[in-house]
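Comments concern the structure below.
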């Protein structure tokens, strides 16, 4: 099982926010072929890069130092690097609001929702869960934060009662209450210690969960407001034997799963809930991953997948793949020179 590490941790969120700067302009990119039945690979564009920054918080030496970074990967430049003087540990960057205020999650002060002003670097507690929820192991799968409800879903392993069942922890920061959501049923019990995945369909107010049961991927949907199970779709037949690593919905509510094989290929497939199959729409090779972070995650606006892949000890390749427009992509190479040791980096937050 994968749990939080307390070595050099790099909590990083790639919030590609529309921040204007003079040297860039928006443009179209060349398309890659895609269909619902065949894999597509990304194709780069020669047009100018979008005007977007990387926002990151580097946590060094067991939280002795937390560093705030703004990086422009398209110009290969560090815009800002400031030390944060905080009395809590940041475990996840959830969103960056239009005002550029950070909303972060911390478990060092119960389960807390906190805002950080990027100009003053001052923090403010929004709310915390009282009493704190205990009896779980925090998993490094992507969380889902529903900002308009102030609700956070975290994939966890529930160790209450001596078991190790994968579950979802629902943290409601409006009410200050936290609950476990049981995503398995009596016929398909989740494999002990397996890592669940979660996605939110804002259009229909559904939460989708996917978990492993006896080497099968089981899909479940429930109502976010009531937590009532809407449907247990059952086993996705054509991806048996693969571990799903991420799931997401697009703006129309279509559900996508991400999984990878041992050769470094990452597959994105769209779920057909009638046929109970997941049809391949995109493939990306991440190659060898000599570092301890996930090289892909979802954009904040649900428009793109972002891939960070290793080139050499001094450089990373950033590629933004727009799945709402035929999987067109933008790519650039940026330096990791702002890190002390990139091979000791761990990315906890994979929001965007």
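Including glycine, each Cβ sits where the backbone N, Cα and C put it.
Over in Swiss-Prot, the protein carries these features:
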COMPBIAS  25-47  compositional bias 'Low complexity'
CARBOHYD  76  N-linked glycosylation site
CARBOHYD  110  N-linked glycosylation site
CARBOHYD  182  N-linked glycosylation site
CARBOHYD  212  N-linked glycosylation site
CARBOHYD  223  N-linked glycosylation site
REGION    25-49  region 'Disordered'
SIGNAL    1-22  signal peptide
Count the other Cβ atoms sitting within 10 Å of the Cβ of residue 110 (N-linked glycosylation site), across every protein chain shown.
-> 16
Close in space but at least six residues away in sequence, with Cβ under 8 Å from that of residue 223 (N-linked glycosylation site), the same-chain residues are 205, 206, 207, 230
Per DSSP, three-state class assigned to residue 223 (N-linked glycosylation site) = strand
Lowest 10 Å Cβ neighbour count of the glycosylation sites 76, 182, 212 is held by 76
List only the single closest residue to residue 76 (N-linked glycosylation site), chosen from the glycosylation sites 110, 182, 212 by CA-CA distance.
-> 110
